[in-house]
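S.K.: Handing you this structure, nothing more for now.
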């Protein structure tokens with residue numbers, strides 16, 4: 001699903017974020033990405049959806065070569081994946097239904113199909129009854145569930161989540177994790193950057209630790225490994 | 001792009017105009033003022049051009065044939081003149097015809113010249129390009145048996161210089177005005193784009209193409225340009241109508257005329273509309289460019 005070979009990333013200001021990183025992630029895996037701030041975790045995540053481009057090295061996501069992918073083709077890549085952020089990134093002037101439908105409108109899906117899919121995923125995240133509410137009327141957990149619904153509405157093979165529980169209280173964070181588990185159970189690959197020690201140590205999955213732009217630890221069912 | 005998507009962009013762009021009410025008002029006013037000025041300039045320029053053309057086409061040389069020339073020689077002079085490449089036409093007029101013209105203009109007191117006509121036989125010569133008149137005159141003056149060539153020397157050159165300068169100045173002013181309007185629209189759109197930065201970012205994250213993001217803003221720019229061109233078109237038409245009402249009667253019998261109201265005003269109106277749309281579209285196109293690099 002995801003292959004990186006000797007990926008090296010240097011920013012224009014001279015900072016080396018990734019220093020020859022190698023990794024392979026299979027379809028259907030659930031992977032935590034951990035590590036101290038500023039270790040290259042964010043860059044690693046951003047590279048998945050081509051927000052950042054490798055300076056050198058090879059990188060494939062779902063067979064697409066990201067090192068040579070033209071800017072014009074980036075939208076096609078992003079339609080194959082879902083992205084979830086710490087700050088939800090919902091549009092405040094659209095209601096819950098519209099926020100989710102937005103992802104399908106953008107790719108010019110037919111209205112009847114949009115309706116069907118949006119109601120499906122809202123049901124799955126348990127927010128069908130709040131479809132007409134606006135993001136400002138939702139709790140943090142609900143907002144994050146909407147953003148997860150949006151990320152999976154076009155049935156991506158992989159969901160990239162950057163600290164999805166970072167802004168949530170512990171109890172809500174568990175709800176969100178259950179949701180990711182559910183999505184993973186349908187065969188979707190999940191790549192999740194997190195600082196949440198408790199979650200990583202309880203719901204065991206493969207853990208990749210990044211430090212100094214390199215993977216320093218890669219253990220199936222490993223623990224968080226840092227003091228929180 | 002599907003029709004449904006286009007329709008969606010359409011609605012989005014109109015909604016955005018309403019949401020950004022004051023900014024919309026500000027840029028529409030800016031476009032209005034600019035296009036009004038441009039419109040007035042175009043009126044003046046096009047008429048200046050027309051007057052210049054009329055005057056130019058009226059420029060002719062009067063070629064005096066010396067008295068002792070015989071008929072055969074006159075014939076060959078005419079051929080020589082017509083053979084000059086820059087000459088459009090040469091009309092021969094005998095001294096008797098010349099006198100008859102004078103009598104017509106100044107009355108019968110001149111009749112006494114009938115006995116002893118002091119006038120010359122002349123050719124009325126027009127250059128195919130009026131700006132060449134001076135050169136052609138010099139060339140004709142070289143021909144044997146030509147007494148002199150008259151063509152309002154000096155005055156004509158000054159007129160041409162003045163008209164050319166007028167055209168250039170007008171063109172520069174119009175371009176400067178258009179540039180200013182484009183800059184204003186581009187700034188307005190930039191503000192609405194900054195306000196919707198997050199939306200653009202999210203659109204791109206869920207896989208929207210650049211065109212999908214761009215089209216609503218470009219349409220919005222188009223509306224700004226269209227709205228901004230309505231008042232100028234009306235005012236320019238009214239202004240020109242009244243000017244013609246006032247000036248046209250005074251110009252009857254003059255060598256030059258202003259352009260007729262129609263179809264001229266349709267052309268100017270269309271031009272203003274096109275310029276409005278162009279600066280709107282181009283302005284928003286320019287300002288959205290850097291926001292698409294997500």
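Just so you know, glycine gets a Cβ as well, placed from its N, Cα and C.
Any TrEMBL annotation is an automated prediction that lacks curation.
These came from TrEMBL, pasted as-is:
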type	residues	note
DOMAIN	B:59-149	domain 'FtsX extracellular'
DOMAIN	B:172-288	domain 'ABC3 transporter permease C-terminal'
TRANSMEM	B:21-46	transmembrane segment
TRANSMEM	B:169-189	transmembrane segment
TRANSMEM	B:223-244	transmembrane segment
TRANSMEM	B:264-285	transmembrane segment
S.K.: Quick check on the domain 'ABC3 transporter permease C-terminal' (B:172-288): DSSP residue counts for helix, strand, coil, in that order please.
M.R.: 103 helix, 0 strand, 14 coil
S.K.: What average pLDDT does the predicted model assign to the domain 'FtsX extracellular' (B:59-149)?
M.R.: 80
S.K.: With DSSP, how much of the domain 'FtsX extracellular' (B:59-149) is helix, how much strand and how much coil, in residues?
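M.R.: Per-class counts: 44 helix, 23 strand, 24 coil.
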